[in-house]
Amino acid sequence: MDQPPTEEAESSREKILLKLVRNVKQNDCRTVVVSGSGGGKGLLKEVRKLASNKLRIPLSNLRLFDEQGTELLESEKPLAEARIKTGGTFYVSAGEESCVTDRTADVVPHASITNVSSGCGNFTIVAKESFVEAQAQKQLKWAASLNGVVLAIGLPDLHVGNSCPIGAAIATEGIIYPNLVGTDIGCGIMLVKTSLKASAANKPRTLDRWADSVRVEGSWDGDITGRLAEAGVNATSYDDSLGTIGRGNHFAELQIVERIEDAEQGVELGLNADDVYLCVHSGSRGYGESILQTHTKQFGSDACSVESDEGQAYLAAHDQACKWAQVNRRIIAERMLDQLQSTSVKTLLDITHNNVVEVRTSDSPQVAELLKSSSKTSVWLHRKGAAPTNKGPVLIPGSRGAFSYLVKPIDQLPFLNSGWSLAHGAGRALARSSARSSGKSRQSSTGAPDFKTARQVGVDLTTTSLGSRVVCEDKDLLFEERPEAYKDAACVVADLVSAGLCTVVAVMRPVLTYKMKARQT
């Protein structure tokens with residue numbers, strides 16, 4: 001006579017419906033069905049494998065969280081599998097911490113205007129596809145509440161800064177906040193067409209040779225004094241660092257055209273699929289930092305009147321640093337192309353995304369709507385990681401393993417809805433410390449290291465999924481800047497397009513990204 005099925009057998013036939021959601025991009029989700037036993041492999045292991053396959057996240061980096069933000073760990077397997085058997089939604093990360101906690105409490109709807117209790121009443125975060133963490137939103141709300149702030153715009157790449165949010169445009173009336181610009185005054189992006197050809201860039205051996213050839217380190221041996229004089233910049237004690245990229249997210253990258261989406265604009269810019277382009281992202285190095293430190297030491301971190309002596313002194317130094325940063329980008333490009341036996345054919349763009357500029361009522365009638373004093377005729381727009389919309393095309397880079405997007409700002413944008421600004425990049429999804437620690441030392445659920453040997457670390461992180469090369473001889477920086485540390489640039493751009501702020505001209509593919517090389521002994 002047949003025996004009744006055991007409880008274990010019944011459990012093995014049970015089907016469980018799960019929703020797997022990407023942690024930092026929560027509109028990206030998959031529905032899966034698993035068996036109660038996990039197909040003999042263990043339920044937690046099966047769910048992790050499914051999540052890895054469906055969301056294309058390396059299993060070694062993958063972390064799984066429930067709807068309360070609690071991580072499901074192999075070391076707590078019975079508890080984790082009991083939780084899975086209840087079904088529901090689970091969040092899958094690529095190593096970053098859970099974004100579930102307090103997400104709904106602090107999210108600001110796309111293109112919303114939210115009144116802030118003190119200060120600014122015009123507060124907007126432009127983000128539908130892009131996830132903006134709660135802490136970044138709180139930082140922007142804090143900035144919006146500062147005295148004198150009349151407009152605060154968060155772009156889709158908005159993320160947490162040391163004290164002020166990055167990926168934001170903040171307008172003030174009659175006063176300026178040097179801290180809102182930060183230390184890297186004048187940081188920006190330049191894109192030039194080179195004499196190199198895409199046919200060469202598509203050859204792995206050529207890329208290897210280029211990677212070996214490039215070294216943008218140490219003092220430039222050119223005419224620094226002459227270059228600065230041409231740009232109207234006074235000599236500084238930081239001029240030895242002219243022509244160097246710096247750390248952090250700064251880079252120089254060779255790119256080719258992946259596809260052109262606006263043929264007319266492509267022709268106007270001189271885009272050609274046969275050519276190689278060089279993108280340089282850098283700023284004022286230690287010079288800009290010294291300006292903020294000097295100002296803060298003398299006057300503190302609060303706002304200063306534009307008309308005051310300290311305000312005028314800061315603005316004069318700020319303007320010098322912006323010009324210095326532009327010279328720096330040009331010399332970086334020249335050094336790199338010299339080493340590749342190439343030249344610059346045409347500069348497509350060179351924009352600044354860390355600065356403060358005056359916007360007058362004559363520039364936009366909407367400025368008058370922001371002003372509280374009848375004697376004022378302008379606002380001061382602080383951009384921290386925000387590209388201007390009134391300086392021509394903008395390049396929005398992704399991570400080193402992702403496409404960049406060349407976009408055209410829409411003409412005559414409403415100032416109130418945009419702050420005349422676009423995202424300056426993908427924006428960080430992971431803090432540097434988290435990206436570094438999770439990449440280097442976090443153990444996977446099986447107890448195996450994410451990367452078995454230091455050599456494998458180098459191989460994994462210096463060749464991207466797009467086949468491009470990464471030149472970076474600082475292991476910590478490799479981890480801090482790995483692709484998983486950034487948001488999806490495609491989502492950032494989609495938000496900007498959806499909000500009517502820009503159109504895509506072309507998609508650019510990275511072929512070689514230069515970060516830094518160790519000093520030669």
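Including glycine, each Cβ sits where the backbone N, Cα and C put it.
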Additional site residue, Ser219, Ser237, Ser404 [criterion: listed by TrEMBL with Asn249, His250, Phe251, Ala252, Glu253, His424, Gly425, Ala426, Gly427 for GMP]: Ser404
DSSP three-state assignment for His281 (Mn(2+) 2 binding site): strand
His250, His281 as binding-site residues, winner by CB count within 10 A: His281
Alpha-carbon distance [His281 (Mn(2+) 2 binding site); His250 (Mn(2+) 1 binding site)] in Å: 5
Cα distance (Å, whole number) from His424 (active site, GMP-histidine intermediate) to His281 (Mn(2+) 2 binding site): 10
Those residues of the chain, 6+ apart, with a Cβ under 8 Å from that of Asp184 (Mn(2+) 1 binding site): Gly283, Ser284, Gly288, Glu289, Asn354
Neighbourhood of His424 (active site, GMP-histidine intermediate) by C-beta distance under 8 A, where only residues 6 or more apart in the same chain count: Leu155, Asp157, Gly167, Ile189, His353, Gly385, Ala386, Ala387, Ile396
